[in-house]
Every structure is written in structure tokens, then in C-alpha cells.
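Asker: Got a structure for you, questions after.
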Amino acid sequence: MATPAPKCPKPMKATSNGVFQGDDPLDYALPLAIVQICLVLVLTRVLAYVLRPLRQPRVVAEIIGGILLGPSALGRSEKYLHTIFPPKSLTVLDTLANLGLLFFLFLVGLELDPKSLRRTGKKALCIAGAGITVPFLLGIGTSFALRSTISQGVKQAPFLVFMGVALSITAFPVLARILAELKLLTTDVGRMAMSAAAVNDVAAWILLALAIALSGSGSSPLVSLWVLLSGAGFVALCIFVGPPIFKWMAGRCSDGEHVDEIYVCATLAAVLAAGFVTDTIGIHALFGAFVLGVLVPKEGPFAGALVEKVEDLVSGLFLPLYFVSSGLKTNVATIQGAQSWGLLVLVIFTSCVGKIVGTIVVSLLCKMPIQEALTLGFLMNTKGLVELIVLNIGKDRGVLNDQTFAIMVLMALFTTFITTPIVISIYKPAKLAVTKYKHRTIQRKDASKQVRLLSCFHSTKNIPTLINLIEVSRGTQKKEGLRVYAMHLMELSERPSAILMVNKAKKNGLPFWNKEEASDSNQVVVAFETFEQLSQVSIRPTTAISPMSTMHEDIITSAETKRVAMIILPFHKHQRLDGHFETTRNDLRNVNRKVLQQAPCSVGILVDRGLGGASHVSASNVDFTITILFFGGHDDREALAYGMRMAEHPGVTLVVVRLLVDPEVAGGSVKLDMNQNSTPDNQPQDEVVISSLKQRISNNASIKYEERTVKDAAQTLDAIKSHNRCNLFLVGRMPEGQVIASLNKNSECPELGPIGNLLISSEYSTTASIFVVQQYRSQLSQDALSSLEEGEISDGNESN
């Protein structure tokens, strides 16, 4: 009697009628998919949080999460596996995962700029070539050991190529994230790693296409040839047809306006169509999406809009499903016995040796320092999502069995996990920074020496005032007299496409521009270039790409390596139309506070009220009145030194107002704060700078000096209010002396000090911008430090 054929499980319906009508929601596709997605998201995010102290990229947490949800850990329970991931649900799960992967590979293609690949130097090409060739050959060697033991019976040609590709891949997106986290993006090692990884990425996709073509089920080799030729024809067709259409679409998207929805929909539909074509050819649907992503123009708002529409849903919801889909195929329990574990060690060893040694040898031949060559070797050994894609395709095509697949997944996890700790231990660019330099303040004995400023900005709104401040700071020296490093502060978010900004690096050293500000970027670049040509100032734009929590480290390191005398920071609030200030972002305040505490030079905070209007004022049209309120002390002397430099500009009138206590009350009615360093030593120094100022006045009619004696806080306020009709106030952050001791020092923004807070308060009416200065000292006064610490405590109570 013939045995009955096994019954196929009934296809799952999409939605249930609910538990009250006797339905189990987990027997239906949609509720089950929701449970699976939520479980994956919770587990991967928790793991990412746990691994954060180890500085691991999120992909490590997602790979581990996938393995834990599969048969290696939780999946050992049959009840769990058949309830949450029943076999009949895997088709829906894989479809969603691959759909998410399709669009994610489109985003990866968007990150690769063909123009930058064409500009890749010979050194990066040689390093990339060695990083592919050596591990590829070792992978082929390893494949013979595997075929003779645990992978008997598989086709030789596709297995050789799959093993070679799996060992030679460098994960470009993961590498970029690691470099950003370690603050190596803008270093020589980081730039070299990014260039070599981009070349490696493209080569890996070409080799993968070859591997897929060879792994077809057709017995005739002509089938593989047809697949390869059809794939090459598809790519050629896309190269000829795609760019003109995408350029036309990008050209129709005007700067400063929202991208029309029809263009976004048309592009996403084209991605799906390209995936269908490559799947029909027999390569893989992912290739079509990746190729289209590479061909989309990277300039202008179009690419940014595509990322904005697609990224969060894809990388946040659908992509983690791919790691689960991969984890369900990974059973670590299949690695049993000394032979299997020995093969795992062999695969990890050959992967690391091939990639690391190959990269190091070529790097040394290219005359790179040994420390940088070693770092580059470990960075290029980073694996990630692309590695998993290769392994999953190999598994689905029957090229990799369960045991080989598990070994290769663990190899990818191990090599990525070790990258960050090893790079941190062997490469410390901060140690290479020059920490000793002389001119850390504006106030100096020889005023003719070059002044270097690091001017920071986080949005295009800061640019006009910043340029006008630089204009009046240039003095009368030649172009070498003032060098300004204009640093764009860009937040590195958790979003993968934050790496897009890396690819917008210009060869001429101009900053990367954020996609939200893409419409303004050309205007800003033109503004800086035009200003440099018209003025006697050397401007070097640079960029800090970092999480806000560590942005201050980038600023401080940059100031130290560039040997600047002053860091200029934007105030964390902006002025509304009604004149009141509103917090832009509170984490910018924390950046300012940490820089004030740890800066290796003087610091200035610029409160922007539109100095000179909304555009750059040319040198011949400058007509500014700048007022310095001088009470005494280190910070006030630094403000005065800066003001004296400004006074050299022919369009600037400098008014110095010195506030002194009335002799009648100087005897003791004003209580002194002895923690302020208001020692007798400070008074002669104040007299020296005032005496020097008086000598300058005799030769310079644009400088005016007046002394005001005051008896109490009310008279001090009146004296300050009488000078509200100026363009810029220049004040010290922590003034010293008897007059300032009489003022109420409880302030909302301690980083501005008592006078800065007074000038931004609603009680004081003025349209003048404010520049608050803190002079560098090897050890700040206790009062200066404690005021910043008090501000940290009161952060939670701040209202806009």
C-alpha cells in the first residue's frame, strides 16, 4: 500500500476575526508578522544598548539578535519556534525581509559616488586590490579544506567563488559607521579606508554576480554565460538610460522646495522594476536596486529626499527581519567536534590574515607609517550586512550547507566585533596632536603675529554674522595676519545615511553639507569663497561629524592641532521676530559648556542678533560701532585685546567703557567675592592695558574711551543701558572687581556670565549682537568652573 503524500500546510490568511470569535491571531500572517517585527526590534535595540559601551556598530547587535532568535538559542524550544516562527510564516517573513533589503541596497548604492571612485588615488586602489586578492586566494584555499570535510558533494566552481567573496568583502556602510564613532573620518587613515572600501564594495558585487551565475541549477555552462552576459547588458542599459532621466528629475527639484512626490514614487517603482529584471535574469533582485542607487545623482535635494522617504521605515522595521531570517538558518549547534571547531578557527584565521596582512604589506610599500598600516588592516577586515547577503544567497542556492553557513556567520560576527577595540588600542590620533603651542590667547606681547581662529557653526543662519565678525577681526595685517578655520558642526545620528555626508567631501577641503541644508549649501560655499577672495583673510573650511555628546572633543582636538588662539561658538539660542530668545537645541548648550571647561585656548560665544544684516557687508561698506564694557580681570582684558584688533579696521568705531566703583563707597559697602581672583595682582594688569589703550587713542581717532563711576547696581545698569545703540557688545565672561561684585550673578545662562546674561535679558532693549569672551588660563578660576557646573544642574528646569 502506497504511503500517503504529506499534506502541505494551509496557506495563512492575512487577518484574523479576533480572539472573541475563537481565532488565534498567531495563526494569521499579519498579526504574526507584527509580533515577529516587535520581538526583533526590542531584542536588537536592547542588545545595541548593552554593546554601546564596547563601541560596537548596530549591525553586531542585529546579527547576535538574529542568532539568539534562531535554533542556536531560543529556537531550541520547539514550542517557541513553532509558535513565533512557524514554517508556514517563513515565506512572508523572507518576503518582507528581502523587500526591506532591496530598498536598503538602493540606499547603499546612493552612498557610493562613482565620481569619487574615479578620483580614487593609486595608493587606495593598490590597498583595495590587495585587500581583495589575498583573502580571495586564501578563501579558495580554505574551500578545499571545507570540501574535503564538511562540505562534500557541493559544486566546486561556485563554492570556490563564494568562499573567496565571503572572505574578501569589506562592509562599506559598517566601516563608515565605525570610523565616525571613533572620530577617524577626517584623518588620513579614515579617508584611505573609505576610498579603499568603496572600491572593494564594487568589486565584491561584481564577484558576487559571478558566483551567483555559476551557482545556477542549470547543468549547461552556457546558462551561466547567458546569466553573466544578460547581467552585464542590464548594467550597460541602466548606465545609458538611467543617468539622463535621474538628472532630469533632479533638475526639476528646485533648491529650497519640497521634492515632488511623483519623482520619488517613480524612482522607487524603478527600483522594484530593476529588482524584478535582475531576478528574472537569475542574478538577484538586490543587484538591480544597488545599480540604480549608484546611478542617482548625489548633488542637490533629490538624493536627500529619497533617503528621507525610505530610510527610517526600511532600516528601522524591515531590515532587522533580514537578520532574523539569517539567524533562523544559523544553527551553531551544528558545529560539533574538534574538526568543526578547528575549521571555524581556520576560517577566522585565513579571513583575518588575508585581509589584514595583505593590506598592511601594501600600505607599508606605499610608505604609510606602521601604526596607520596596522590600523588600516584591521579596519578593512570589517564585515557586516553585505557578508550576510553573500552567505544567505549561498545557502539558498545550496552552495553552503548548515554547518558551513554557521561557521561563516560566526566568522563575520567575530571579525566585525574585534575591529573597534583593536583600532582603539593601536591607533590614538589624539596622542599625535600637537599639544604645546605658544599663542593660546588674543592678548599677546607681539600683536603682529598671525592670529588663528576656529569659528564653529551648526546651521546656515549663523553664516552672515560669522563672516561679518571675521571681516571686522582681520585688522590691517596682510592675508597671513588672520587665518580662520570655519568648522561645520554636523551631528552624527544613529541613522545609517548619516554616512552620506562623508561622500560629499570636496577635494578642495570645503565642508560636507547636511542633507536638510542641501538647498543652502551652494550659497554657503559661494559665500565663503567670495569672502576669502574679497578680504585679506585665509579661510580653511573643515567639519566635525560626531554625536552631540562628544562634539566638544572634536572642537577641542581641532583647536589644538590647528594651534588656534580662540574658538568662536554660536549661542544655543536664536532670536525670534519679537526679539525674545528661543532655545535652538539644548545639547548645543552642553557642547558650549564643555568647550569652555576644557578648551586649550580662549573661547568666544557669539549671540547672533544679525550683525550687519542677513548678508556679508563688504569691507568698504562696514560701519560698525563696537562697545566694550570693561570691569577688569582676565576675560575683560582678552575682550579688550580682541576689540583693539577690530579697531584696526577702517569701518569700525570702538567704544571702551570702563566702569569703576565710586570712591565714596569703595571703602567697604560693596562686598567682595574673594573666589573671583580679584586680587591686587589683577589691578596693575588692568592699569597696564588701559594705559596702552590711552596711548593708542592718540594715534587712532576711531577709538573712544570713557570712565563711569557708579555707586550701586542700579547705576551700573543705567551706565550699560546708555550704550545700547551699537552693533556689537564685546564683554568678558567672568569680569572681576568691586563693581561686578555688586551685581546679581544668578543667571539663566552661566556660559555667558553676568554681563552677557544682562544683555540678552528682556529687561535690556538692544539690537546689538553680543560676543562673550573667556581668556585661556591653564587653570580656570573656581568661580568660572562652578558657574558652569551650576548651569548643568539647572538644565532640567530651563524654559525657552
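Every residue gets a Cβ built from N, Cα and C, even glycine.
Bear in mind that the values here come from a model prediction, so they are computed numbers and not experimental data.
TrEMBL lists 28-47, 59-75, 95-112, 124-146, 158-180, 192-214, 226-250, 262-295, 341-366, 373-393, 405-427 with the feature transmembrane segment. TrEMBL lists 43-422 with the feature domain 'Cation/H+ exchanger transmembrane'. As annotated by TrEMBL, domain 'Cation/H(+) antiporter central' applies to 482-621. Residues or ranges marked as domain 'Cation/H(+) antiporter C-terminal' by TrEMBL: 625-777.
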Asker: At a threshold of under 8 Å on Cβ distances, which of 124-146, 226-250, 341-366 pairs most often with the transmembrane segment (262-295)?
Answerer: 226-250
Asker: Does the transmembrane segment (124-146) come near the transmembrane segment (405-427), with 3+ Cβ pairs under 8 Å (pairs 6 or more apart)?
Answerer: no
Asker: With Cβ-Cβ distances below 8 Å as the criterion, list the same-chain residues six or more beyond the ends of the transmembrane segment (28-47) that contact it, or say none.
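Answerer: Here the qualifying positions are 12-16, 58, 61-62, 64-66, 68-69, 84-86, 89, 92-93, 96, 316-317, 320-321, 323-324.
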Asker: Using a Cβ cut-off under 8 Å, which residues of the same chain at least 6 positions beyond either end of the transmembrane segment (226-250) come close to it?
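Answerer: Same-chain residues near the transmembrane segment (226-250) but 6 or more away: 209-210, 212-213, 216, 263, 266-267, 274, 277-278, 281-283, 287-288, 291-292, 295-297, 299-300, 302-303.
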Asker: Cβ under 8 Å, sequence separation of at least 6 from the ends of the transmembrane segment (95-112): give me the contacting residues as numbers and ranges.
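Answerer: For the transmembrane segment (95-112), the sequence-distant neighbours (Cβ-Cβ under 8 Å, at least 6 residues beyond its ends) are 33, 172-173, 176, 198, 201-202, 268, 271-272, 275, 285-286, 289-296, 298, 303, 306-307, 310-311, 314-315, 317-319, 321-322, 324-325, 385-386, 389, 496-497, 499-500, 503.
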